Amino acid sequence: MPSASSSAPAASSSSLSSGPKTLTQNSSIYDIAHTVWQQYLATTPQRTMLLDAFMGFLVLVGGVQFVYCVVGGNYPFNAFLSGFCAAVGQFVLTASLRMQTSSAATSSSSSSTGGAKGKGGKKVVKGDAGEEGSGISAERAFADYVFGSLILHFFCINFIN
Amino acid sequence: MRWSLSSLFLFGFLAVVHALSSSGNRLLVVLEDGSEKDLYSTFWSDLEARGYDLVFESPKSDKLSLFDLGERAYDHLLLLPPRSKGFGPSLSPKNIVDFMNKDGNVLLALSGKSTTPSAVSSLLLELDLHLATDRSSVVVDHFNYDTLSAAEKHDVLLLQRPGPLRPDTKAFFDGEGVLALPRAAPHTLGDHALIAPILRAPATAYSYNPKEDLSAGEDVWATGSQLALVSAMQTRASSRFTLLGSVESLQDKWFSATVKAPNGKETGTANQDFAKQLTAWTFKETGVLKVGKIEHHLAKDDLTAEDLNPTIYRIKNETVFSIEISEYSHDRYIPFEVPANDALQLEFTMLSPFHRLKLEPTARTENSTIYSTQFTVPDQHGIFSFRVNYKRPFLTNIEEKHEVTVRHFAHNEYPRSWKISGGWVWIAGLWSVIGGFLAFVFVWLYSEPASAKVKKTQ
Amino acid sequence: MAESPLDVLLKGNSGRTTRGLLRIIILATIAAAAVSSRLFSVIRFESIIHEFDPWFNFRATKYLVSHGFESFWDWFDDRTWHPLGRVTGGTLYPGLMVTSGVIYHVLRFLTIPVDIRNICVLLAPGFSGLTALAMYFLTREMTTSPSAGLLAAAFMGIVPGYISRSVAGSYDNEAIAIFLLVFTFFLWIKAVKNGSIMWGSLAALFYGYMVSAWGGYVFITNLIPLHVFVLLCMGRYSSRIYISYTTWYALGTLASMQIPFVGFLPIRNSDHMSALGVFGLIQLVAFADFVRGFIPGKHFQRLLTTMIIVVFGIAFVGLVVLTVSGVIAPWSGRFYSLWDTGYAKIHIPIIASVSEHQPTAWPAFFFDLNFLIWLFPAGVYMCFRDLKDEHVFVIIYSVLASYFAGVMVRLMLTLTPIVCVAAALALSTILDTYVFAKNGPNPRAKANEDNSDGLRSTRKPNVGVTSYLSKAVMTSSVVIYLLLFVAHCTWVTSNAYSSPSVVLASRLPDGSQHIIDDYREAYYWLRQNTEHNAKIMSWWDYGYQIGGMADRPTLVDNNTWNNTHIATVGKAMSSREEVSYPILRQHDVDYVLVVFGGLLGYSGDDINKFLWMVRIAEGIWPDEVKERDFFTARGEYRVDDGATPTMRNSLMYKMSYYNFNSLFGPGQAVDRVRGSRLPAEGPQLNTLEEAFTSENWIIRIYKVKDLDNLGRDHNNAVAFDKGHKRKRATKRKGPRVLRTE
């Protein structure tokens, strides 16, 4: 955990600078959360919001299933697993897509300062699979996303039979 | 035409085999003293009338051999008590045991008149039948003796014919009349499931060695009904051995004798009937069970030939098992009836029985009964066997074992998720995710220009 | 092989395509060498399946090919584990069989009729060629030096540690699993570097394939989360890691759950919990990272602390509750034995009894890895020098695999790939430093063309090794080492790892080779002379072979899933006849098979394994079988006159030495394995009769007698047959038991 607080990815720092600063030093947790929400509404592009809406939907679906499992028992366990895993898997895939698209958007807009940092920037892939450019374009990310999702759905449907 | 010819032939054949043992008719009678043969003439003719080919041999004869080229030369063996030390080399205990192991039946008669040779004793020992240590005792009973012939010695026993051994067994030796057993050599039985007494001595009998002093009776070997006079042994393969304590009871003289118990009236003996029953049982005319078809299949209506006796079942299948059993009675097979108080049982076994079920008679043919039962295969996969293990005194052993495999549910035999109402929630969850994904993809592609406001309408 | 990387580099000035072509040619050569060096056993002996487990895999493959995939999936095998049977379709890793089944059908489709046996025999060498390629790709991800990948591929192709499990005929799960292991790691590294869903999904797919192929997939399941965890601890969280890990985990877990044998394990078994934990952790980190984008550090820390406390509290309570309530299975025994080498010996003799579960002897490392073993630390050091994400991976992998390889001989196999990677890194650095110091700018310039930002090591100015003498010395010594390595590998492969162990080879005094074929002789005897359903009891080592070669049902086999059943066999073997016989009857045993090496001096026989049988039986019946009884008062394990009565009366002893005396003069019988003279009077068997003894007495088969027809016990029956007069049995003590009906 200490690690997470010590390193600040470049992508997020850029958005940080543009947000309004309305917090005092000693505001409550609620205030902080509220501010975060305000910040979020203010700074997130619409398209990313669409992603977030979808993620929220997935959390809802997953949460309902989990609660039902706890309350109503998990008799066809494979069905529960595949239903739940589908929600979770789709969520993380969507989260990945969100990261990729938003970072691609910011790197294209704010001239990719993070690329200079050794670990933050995408490295060139040499050799046989070298057709990729630095960073991943939104289209490419989306194609990957669809690919991953289709595999996920295939497994889930197979598993639920 | 041909049919009638062949049926004629069949009838003729049936007539020939009439009243034959179920296991062959070659009977070897070992008789040491040829002159004694006439004493038993009624007995011999009874046997011949029932279709046996009697061959008389002296134990000293060179050509006497139980085996011919390694196979049995005779089906049955009747041994009368030897005079000398034993039956000689060709009838050594080992040969007789081999004969029995090859499904030969033996009737051994002893006599209290002479000392039983040690070779016979050691043969009997192998069968867990024990003679008195001195091997020359006779059974004496001061309450049940024939007052006419043995008023002094009290060594001709008069006995009722035996009823069923236990309430749940069939009686093969019962009937009216009194048996006279002169000078019977007694024996005792080991604790052994294969042997069964046919006729025990009365409770008041004891064994007595006429050659020794009476005073030497401090070590009482056995008394009363622990003394058996006639006993049967059936090997695991159902070949039969009968030990008859009194050879004299087979003589013509005793077949037609008149006897009188101490406080009874004069009657004729039932020895002839009893001898017939005894030989009939020993030489497999009675008490022979035969297993016919054994069928097992799934319990369903439209059975085809392929559905019979499958090698593999699945757990929790409904299964029907049936077994056809007939009993040989003197000259033909009749339907076998399980005695009252007894049950024919089926075990469904893997290491230990998972089911033990009573087989009920469900159908009857001309000469067999079909017993069957229906049950659910247990919820345990493995290699099971249907076992019918029916071993009763005087009946041939039925030990049937049929292996079947019980497999688990195949992957497509479980209920599908949508058949389980509990799974609908998650199916709905899964499809809502997929539907949501498709909608999302559609909207995403539709709102491709990054700055479009279209998606706001969502 | 060692010279080939040099060739590429010597042509450093030529164009990219030329070097690419050369690289392909070299890789093809490496693959060919990898395949061909594994064919020794086919040349020496014949195209035959080796050892034990492969026989089962072979049998399963035949079943798959002849019955189709569906019925293979539902296969209930009633010819093993009699009478329990085995749900084989649900308890095996089907990857291997399905792979060869697919190859078989593809070849048939291409109208190339190949016997399925040949596919099975040659599958392992074929996949080792692929492993070399995968190794090339994996190493390419680690370094910019083009020679490292080729070196690693070459090492992987011929290193004995890998050859030991992949010679022709060694048709085992490891044959394809190592390829999948290396390739999955390659895809994982690729995913981490690119942060791409696609690579993550591919890694998950290959992970799924790996799960279907080998139980060692748990290694990946734990290594990748550990890698991620270490990266998180190092403060290297990035969206790339999030993307690749979550994609891999979500898809990989689902994929692994498609295998019936694995089923719900990934969310139940503690072995898989670390992956789930890291998955949860990375969600939190990602969320925290996301939130941090909106608020300044001070507030963020407060928020974070609250979150951490809440989440960890819930997670800990949940874990404890689940473990206590038994929803999450406790750690499996094999896993414990990984941490505590003494654990298995005390608790699970069945695991300890397997030779490949023994701790590794030190010479084995050198034997299997040769000079790579001392290049290995150097390579790991190189990884520390420029510590990128993938290098962290190499370091973690090295540390873990070294430990595991030290614990279990079998896990040497997982160590081998990383040793090859590290050694190749080290060696290529040496070569680059010494060989090309003079035209140093060239590779670096090229590297800079290819990479926008190269490795630190290449950017560093070369230390001045310019003297031709030192170059020559270093280069030639490296070349000599490489040549020695190749020679060693070839020697080890041909001498140590190419024996099928079904067929034994020995040298006659005149030096010619003599084949001892007792196993197959005996198995074919069983096949020809016994009923199709005759149950054979033997120690579990031979179960698969009997099933595969003799095609007869067995009681226990190498799939040691039921310890009790094995213990039952152990008890039958180690008890007196009177005790064993009812066990044999109960399990419908028709024949008992023992392996006896006393005549030939074949040390892997059952008497030497006997103590394991005793121990395993003792684990279940501590009152009836006692290991102590098999040792003499002085603690010796003897088979001669000094053997304990328990030993001499045990069924195993009797079966091994029955009639052995008759081969020798009186009192001359000598057991050549134990080197001891046997008692003058051999053991007597009553309940069994000898049915078959192979040419060199290695395999002895006994038939279990039926119950005596007259109801006697076998002692008396045998005594009677031998003509002994029976003593009157009525002299019993105590009151006579009266017979009642």
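Here the Cβ of each residue, glycine as well, is placed from N, Cα and C on the backbone.
Copied from TrEMBL, the annotated features are:
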type: COMPBIAS; residues: C:723-741; note: compositional bias 'Basic residues'
type: DOMAIN; residues: C:22-422; note: domain 'Oligosaccharyl transferase STT3 N-terminal'
type: DOMAIN; residues: C:536-585; note: domain 'STT3/PglB/AglB core'
type: REGION; residues: C:718-741; note: region 'Disordered'
type: TRANSMEM; residues: C:21-43; note: transmembrane segment
type: TRANSMEM; residues: C:91-107; note: transmembrane segment
type: TRANSMEM; residues: C:119-138; note: transmembrane segment
type: TRANSMEM; residues: C:144-163; note: transmembrane segment
type: TRANSMEM; residues: C:175-191; note: transmembrane segment
type: TRANSMEM; residues: C:211-234; note: transmembrane segment
type: TRANSMEM; residues: C:246-267; note: transmembrane segment
type: TRANSMEM; residues: C:273-291; note: transmembrane segment
type: TRANSMEM; residues: C:303-329; note: transmembrane segment
type: TRANSMEM; residues: C:364-384; note: transmembrane segment
type: TRANSMEM; residues: C:391-409; note: transmembrane segment
type: TRANSMEM; residues: C:415-437; note: transmembrane segment
One stretch in C:119-138, C:144-163, C:391-409 has more Cβ pairs under 8 Å to the transmembrane segment (C:21-43) than the rest, namely C:119-138
Field: seg_contact(the transmembrane segment (C:144-163), the transmembrane segment (C:364-384)) with at least 3 CB pairs under 8 angstroms, min sep 6
entry: yes
Sequence-distant residues near the transmembrane segment (C:119-138) by C-beta distance (under 8 Å, 6 or more away from its ends) are 27, 30-32, 34-36, 38-39, 42, 47-49, 54, 57-58, 61, 96, 99-100, 103-104, 107, 149-150, 152-157, 162-163, 165-172, 175-176, 178-179, 182-183, 185-186, 189, 417, 420-421
Sequence-distant residues near the transmembrane segment (C:364-384) by C-beta distance (under 8 Å, 6 or more away from its ends) are 142, 155, 159-161, 164, 391-392, 394-395, 398, 405, 409, 412, 415-416, 419-427, 429, 457, 481, 484-485, 488-489, 492, 496
Averaging the pLDDT values of the domain 'Oligosaccharyl transferase STT3 N-terminal' (C:22-422) gives 82
Task: Annotated stretches the transmembrane segment (C:211-234) and the transmembrane segment (C:415-437) touching (3 or more Cβ pairs under 8 Å) - done: no
Outside the transmembrane segment (C:415-437), at least 6 residues beyond either end, the same-chain residues with a Cβ under 8 Å of its Cβ set are 5-6, 9, 12, 131, 135, 138-139, 142-143, 145, 147-149, 151-152, 155-156, 159, 161-162, 178, 181-182, 185, 368-369, 371-373, 375-383, 394, 397-398, 401-402, 404-405, 443, 457, 462-466, 470-471, 474-475, 478
